[in-house]
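Q: Under the heading transmembrane segment, TrEMBL lists 12-35, 91-111, 123-155, 167-196, 208-230, 285-313, 333-354.
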Amino acid sequence: MLTEPTAVSAKPALLPTAILALTVFMLLAVAPQIYNDGDTGWHIVAGRWIVTHLSVPATDPFSYTYAGKPWLAHEWLAEILMAGAHAAGGWAGLSLLTAAAIAGLIFVIGAEIGRWLRPIPTLATLILVVIALIPFILARPHVLAWPLLAIWTIILIRAREADRPPALVAALIMLVWANLHASFLYGLVLAGAFGLEALVTGPDRRRVFLGWLGFGAAALAATLVTPYGLDGLLFPLQVSSMKAIPTIIEWRPTIVANESGFQLFLLAAIFTCLYRGVRVPLFRLVIVIATLYLAFSAVRHQAILAIVGALILAKPLAATFPPLTETALPRRARTIAATLAALLLVFIAVRLAIPTAQPDNASNPSAMIASLPAALRHQPVLNDYGFGGALVFAGVRPYMDGRIDMYGDDFAFEHGRMIHGDIAAFDRIAARRGITWTILNPTTPLVAVLDAHPGWHRLASDRWSVVHVRQGSASPP
């Protein structure tokens, strides 16, 4: 028979959680994989622009196709942080910022679930969460929003434990979150779900309704305190309804067989819940299932499921184990903590001291871009979608970059037809926009088409990219 678990101090789990967080921090701080995304470059440059102009851009300052047209820079706060980290420590500084966000996330989750679970189940859960997150750990704004998602969820869970609405001051998290990343909308919906649970299961429905209504109103009001007001609040809905969104890998439906980390996380969770006979309260189960649906509907939402699922399922899982008892910290806990802190500081100093080259990979062909003739770099280009950020970072105006919300469906589909080898569309648009060169991934279908095109020739190529120029436009570097 399951018994209602009692929360205790998380002290027993804090030390192993801190060690795991520090280990992950160190590994990520030197991992080049966090730059396997083309958006990083334009996020940094956007942050620089904001700091330089002391304002958030209202129009596009980067591309040549949409220059001067409206742009909603909804991640402006994250971009300032990214630009600041890069300015302070180069690529190493940005690596440290990204690693710190993940380490902080691990520690926050571990400190919370350690109130219910013993150290070993706590560590096992954290490791599974990290495994599920690995494909999404990139130097991008969403990583900086993850700790806020965890903290927000914990606040809601603890408010329900105490049978009271969250403190109004907690709504300020939404103020930061809404200026950091569009995932804040999930946080609003999550608060509504917990509020509904409180209304249905609470003893004093009027008090509960008024309390949660006040908190929800404060949180909603906080999301409007952005440079874009109501437009910023509606932005996530507008983006998710775009017809071209599924052309982006992270927005495609999850195929579990292709997602090994998510597969392991999901199978481990299902096995544990079935084997241990975990009973999840109805509303919490609805939240988990709804978030699972989100994860199935779009790859990018797998991360939300991992974070929120771990926090919600900790207490029901704890009910299948003998009750926890208060345990004192190890005698040398302070010494160990001081040692870990010293190790952290030394590592940060060493990491910043080691020169870190600009990423050159399948998403950031920086070496190729740097080798191009200066005259060519200032001429209109057709680029792969994923190369836009690297071009912006290098001071080259791209045809398109990761801001698909700005470019819109028609433009995105038109771009897709060209790079997939529709030579009639390419010739028409190249003539209209004066395109004189292209930079594409070697596997992009248009590469082979241009190799055979009499009006174009291959200027240069490497393992990451191929550059073609229109006949008579430039000479090899």
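Including glycine, each Cβ sits where the backbone N, Cα and C put it.
For the listed features, I'd like the structural context: burial, neighbours, distances.
A: Beyond the transmembrane segment (208-230), the same-chain residues lying 6 or more positions past its ends with a Cβ under 8 Å from any Cβ of the stretch are 56, 72-74, 76, 164-166, 168, 170-175, 177-179, 184, 187-188, 191-192, 194-195, 198-199, 202.
Taking Cβ pairs closer than 8 Å, the transmembrane segment (285-313) reaches residues 105, 109, 112-113, 125-126, 128-129, 132-133, 135-136, 142, 146, 149-150, 153-154, 157, 183, 186, 190, 193-194, 249-254, 259, 262, 265, 269, 273, 278 in its own chain, all 6 or more past its ends.
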Q: Count, for each of 12-35, 123-155, 167-196, 333-354, the Cβ pairs lying under 8 Å from the transmembrane segment (91-111), and report the range with the highest count.
A: 12-35
Q: Which sequence positions outside the transmembrane segment (123-155), separated from its termini by at least 6 residues, show Cβ-Cβ distances below 8 Å to it?
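A: Those are 13, 16-17, 20, 24, 28, 33-37, 39-40, 43, 75, 78-79, 81-82, 94-95, 97-98, 101-102, 104-106, 108-110, 112-113, 117, 166, 170, 173-174, 176-177, 180-181, 183-184, 186-187, 190-191, 250, 259, 261-262, 264-265, 268-269, 300, 302-308, 310-312, 314, in sequence order.
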